[in-house]
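**Q** After the structure tokens below, expect a handful of questions from me.
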């Protein structure tokens, strides 16, 4: 299975500043010219919400302050400017080799 290592495990960012979350895959998640890396946001008591798919494409209704980048094994999620509503857990997920759809360990994002 592809292992995803996410960092940092927790992050505190001031309102209006930039939050950057990284995800490294144990092998490339690229295929057919597409990076099969996705990002999810999860708030307590709610199902995960798809933010970014195929490394850099925004999910439906996702604000422009969320962006993704990367290819191969190294990816990042950027949130800028940080808003109060962005406090949540964030997870990367690979969808190149399925099943299983493996996830990173998660990043807890809070307001500083």
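Heads up, the Cβ atoms here are built off N, Cα and C, so glycines get one too.
According to Swiss-Prot, the protein carries these features:
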type	residues	note
REGION	1-23	region 'Framework-1'
DISULFID	23-92	disulfide bond
REGION	24-38	region 'Complementarity-determining-1'
REGION	39-53	region 'Framework-2'
REGION	54-60	region 'Complementarity-determining-2'
REGION	61-92	region 'Framework-3'
REGION	93-102	region 'Complementarity-determining-3'
REGION	103-112	region 'Framework-4'
**Q** State, in range form, which of 1-23, 54-60, 61-92 has the highest count of Cβ pairs under 8 Å to the region 'Framework-4' (103-112).
**A** 1-23
**Q** Can you name the far-off residues of the same chain, 6+ from the ends of the region 'Framework-1' (1-23), with a Cβ under 8 Å from a Cβ of it?
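**A** Sequence-distant neighbours of the region 'Framework-1' (1-23): 29, 37, 39, 70, 74-84, 86, 90-94, 96-97, 100, 102-112.
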**Q** Apart from its near flanks, which chain residues at least 6 from the ends of the region 'Complementarity-determining-2' (54-60) lie with a Cβ under 8 angstroms of it?
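**A** Hits for the region 'Complementarity-determining-2' (54-60): 34-38, 66-71, 75.
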**Q** To see if you understand the setup: which same-chain residues, six or more apart in sequence, place their Cβ under 8 Å from that of residue 23 (disulfide bond)?
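**A** The answer is 4, 5, 6, 7, 37, 39, 70, 74, 75, 76, 77, 92, 104.
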**Q** Within the region 'Complementarity-determining-2' (54-60), what mean pLDDT does the predicted structure show?
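**A** That stretch averages a pLDDT of 98.
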**Q** CB neighbours of residue 92 (disulfide bond) within 10 A?
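**A** Taking every protein chain into account, the count is 30.
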**Q** Could you count the residues of the region 'Framework-3' (61-92) that DSSP puts in helix, in strand and in coil?
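**A** Taking each residue of the region 'Framework-3' (61-92) in turn, the totals are 3 helix, 17 strand, 12 coil.
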